[in-house]
Amino acid sequence: MKVMATGAFDILHPGHGLYLEKAKELGGEDAVLAVVIARDSTVKKKKRIPVIDENQRLEMIKYLKPVDEAYIGHDGDMFEIVEEIKPDIIAIGFDQGHDVNKLQEELDKRGIKAKAMRVEAHRIADLDSTCKIIKKIRNSDFEEDYVNCD
């Protein structure tokens with residue numbers, strides 16, 4: 001069974017790892033997890049200017065334990081990549097704004113045989129979102145020298 005998970009994955013944090021782990025579990029014991037990284041242009045439109053570019057985000061995601069396949073998404077029609085990957089399940093993160101029912105309706109309308117499912121909500125760390133990490137960095141005092149940080 002192939003499960004597809006999507007996201008910006010801009011500054012990796014424990015919430016990303018948990019989302020990917022839970023997404024893969026939706027497919028059962030022998031599931032294959034395909035992760036789609038949002039393009040920089042998509043991240044800019046939906047969230048903010050990404051800190052890390054799409055190619056580096058793709059490389060980081062490939063190293064994560066639950067990930068079997070990784071792709072950069074397409075500009076425009078988000079269903080193009082779904083048609084290419086052909087997942088059995090599309091895992092929607094608990095903090096992603098997609099309406100699962102509307103997504104399922106669109107999949108059905110397009111003849112895509114995938115089931116949209118929401119991953120359960122879990123917060124496991126204080127810095128469990130990219131925005132929280134950015135805010136902490138902005139509020140930090142960096143007066144001391146850092147070693148090996150060119």
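Placed from the backbone N, Cα and C atoms, the Cβ positions cover glycine too.
What Swiss-Prot annotates here:
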BINDING   ALA8, PHE9, HIS13, PRO14, GLY15, HIS16, ASP95, HIS122  ATP binding site
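Each of the binding-site residues HIS13, HIS16 was scored by other CB atoms within 10 A of its CB, and the lowest score goes to HIS13. In the three-state DSSP scheme, ASP95 (ATP binding site) falls into the coil class. The Cβ neighbour count for GLY15 (ATP binding site), using a 10 Å radius over every protein chain in view, is 21. In the structure as shown, the Cβ atom of ALA8 (ATP binding site) sits within 10 Å of 21 other Cβ atoms.
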